[in-house]
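Have a look at the structure below before the remarks.
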Amino acid sequence: MAAVLLSKSERAYIQSSLKATPPLRADGRGLLDFRTVLLETGVAPLANGSARLNIGKMAREGGGGTEIVAAAKLEVEDVESGDGVDGGRVACSVTCSPAAYPHLSSNALDELQHDLSVILQQTIGHPSLHPRNLTIIPRKKSWLLNLDAVVLADAGNVVDALFMAARAALWDAKVPRTRAVQYRAPEALKSAKNDVPGAMDVDEGTSGFDTRDMARTAADFELPDYWDEGETLDGREKWPVCVTLNLLTPRHFLDATPAEEASVPQRLHLMFSFVPSAPPTLQAMRLLGPEELDLKDLKESIAFGEQYAKELFTALETKLREEDNRRNIKARDRFALMR
Amino acid sequence: MICFASFPATSDASGSYGTTRHHPDVEDDVRMDLDEDDFEEGVQRLTVPGESITSSHAFMRGHGTYVDDEEVIASVAGTVERVNKLITVRAVRSRYNPEVGDLVVGRITEVQPRRWKVDANSRQDAVLMLSSVNLPGGVQRRKLESDELQMRTFFEEGDLLVAEVQAFFADGAMSLHTRSLRYGKLRNGQLVTVPPILIRRLKSHFVSLPCGVDLILGLNGYIWVSKHVKQSDQEGEEGFDAEAVYSNKNDEIDDATRAAIARVSNIIKVLASHFVPLTDAVLLEAYEWAVDQENSVKDLLADETGENLVASIGLGIRP
């Protein structure tokens, strides 16, 4: 996305290597190989769900690789005052660290952040993916799900990494259990008022503690003290994954390095959602680059993309369940120690 | 095709932080108690940031140190160096500190009046003056106004070049020159970046491996890995061929050479991640080992293979 300086001969070298038979990439990977992805969930203790992800870090090396931290945080919103929406809402934002893009001016960095935020917001915040358990009290209070991602380093393929990190953070997110609290007027007071209108002039009506006129519905909520942090977001299997097809007709390849990104004319981002017992759905699509793409080629690319996304999804799912297990075991051990 | 892994655990490493580990060669030196007259020639001492080096009464503080409570304290991790009474610490990881005569590989970032700005992994961009490049049509030709107008035909933004550090400006920026037939624009290969400290000063920084791969080890940590070009072809028929020197077109490169270039690049990355100083001998040995193992090119980047590779050439810090 960010323009990396590359000389003409380097670009020609990368392109001709990719077009050779068999194709060869700078680090010897095949066209469809990803670099190793490192993933950890639950990295931010104050967030409701968080994840750290790195693509392409060399073992033992201190830095390197595309590094993303994503965190989901829930916030209470008042629906009546107009802040919130009944049923809750999802707000996504992406911040790029200037250290990840040292060659960009602050304006260019803002633009990049905005672009990434829009992609994330429009895909993750889509109504078809909206979790149903973001309501606290119907028509009164709801959760606002903030999903914030920070790009700490960019070594190519940021969008895929962003969606993987977002999915991991949302997978990890726990909605706190709430219990509705309602005010109930004592029966005696109620009958007294209905008794003889105007007979006695008691100033009950002016009391601030008098809640008789209030509707008998939940007015507020409390957080019960539970051993776990709450329940997972509804429909967490649905969160999409993204695959980026770098198109160098007639070939395409995955997980490009910055140099490779700079030397392909077109990129196609495909976001797929895989719900068990339903066909995969294409949630969003972005085509970047100056060239055109035939409808026929586009269809083909989408079919390929679906296949790759499925693999990516399965691998990510396995890793996320592994992470869940790891953290549950850790929590259980700590609990056992405390007892 | 995609595989997930966990971040290396930090908790189990904490156990070994209690004891400091050192390279076996320097272990004895480190154990020595350092007195004021212990800064002998040939004795390398490693520091961590915040480590006290010596008293500030007897010595002066230099780069990489500061004085606190009458003691000279290291502000970076690196090796202690002493010149008379001046104590400096040379950082293990830093930007490139240029010296006159160094061979560097750089990338053009900007074209300015009569000069190019070059990114050479230093603190400031280097400068390449129009007067310090070879112009087409004779090495000794005077530069003309027409040359100033067509500077982009020689070098444009993004181009890679190999040059030598000629001098320094008052602000510390380095001035480069390409007035040799071996210097100039780079083609037919790819760039690998390593920490500058890993590049040793060698007799020649143009290394030719027998697998048909040429290496240019820039002292700034940029390494150019390219197809082998014969000495005679490189210099052209009549000594200087402007077409070839400023060309953007790659030669025909066969698949075996491409694979060799990728393999050499991966070997360099592995050695750099294990912090092995790079010399032509080390690279050659590592390449032979890699070919003997008959691994595919991408397997080299696996952690295990990397460790075996470093062990095979008998270098690196053993755990």
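One-based numbering along the chain as shown.
Note that Cβ sites are derived from N, Cα and C of the backbone, with glycine treated the same way.
The region 'Disordered' annotation in TrEMBL covers B:5-25.
TrEMBL lists B:8-19 with the feature compositional bias 'Polar residues'.
Annotated domain 'Exosome complex component N-terminal' per TrEMBL: B:46-83, in sequence order. Mean pLDDT for the domain 'Exosome complex component N-terminal' (B:46-83) in this predicted model: 89.
For B:95-166, the entry in TrEMBL reads domain 'RRP4 S1'. Mapped onto DSSP classes, the domain 'RRP4 S1' (B:95-166) shows 12 helix, 28 strand, 32 coil.
Here TrEMBL flags B:189-230 as domain 'K Homology'. In terms of DSSP helix, strand and coil, the domain 'K Homology' (B:189-230) has 3 helix, 21 strand, 18 coil.
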The domain 'Exosome complex component N-terminal' (B:46-83) - residue tally per DSSP class, helix then strand then coil:
0 helix, 22 strand, 16 coil
